[in-house]
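Taken from Swiss-Prot, the feature topological domain 'Periplasmic' applies to 24-65, 129-142. Taken from Swiss-Prot, the feature topological domain 'Cytoplasmic' applies to 87-105, 164-167, supported by sequence analysis. Annotation comment: Swiss-Prot describes 3-23, 66-86, 106-128, 143-163, 168-187 as transmembrane segment.
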């Protein structure tokens, strides 16, 4: 996977966390930069670890399905991208109803894990491709740190407008990467 695909994947994977951070930022009266950075660090750390875990799980099965690697990555990315798009079109969830208060550490960790399950599944798919998983996981984590911090800071201003659109954009990016993987396999 080339650098462009890695960066697109990283920012595509960060869109769930970005959308969640916008929601979190929108529930706080005036989120401070330190609160936003704390959220970004938690989301980024979790989002760095989950593709590594998924990659490890995928490597255990790689020798059995190596000839199907491009199809596995394609189907996973299409599925995850489609799920993100569907979530983006759904109405506001209970998370938007939280009181305006500082979010606790464990609530942020739980939210980060929930938004990073896609990254774990992508990690499984990446096990079947020739990628530097450490660099890819770090790119995903850094993109998530940036996008989550940014999402918290702008959440109170645009939470109701762009929150779900960010998930739609992330889903489209994942689908695009899936199509690119399949295209590259067949057209070299």
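Cβ coordinates are placed from backbone N, Cα and C, and glycine is handled just like the others.
Model, not experiment: these values are computed from the prediction.
As a whole-number mean, the pLDDT of the topological domain 'Cytoplasmic' (87-105) in this prediction is 59. Within its own chain, the topological domain 'Periplasmic' (24-65) is flanked in space by residues 13-14, 17, 72, 95-96, 98-103, 105, 108-109, 111-113, 115-117, 119-128, 133-134, 136-138, 140-142, 144-156, 159-160, 163, which lie at least six positions past its ends and keep a Cβ under 8 Å from the stretch.
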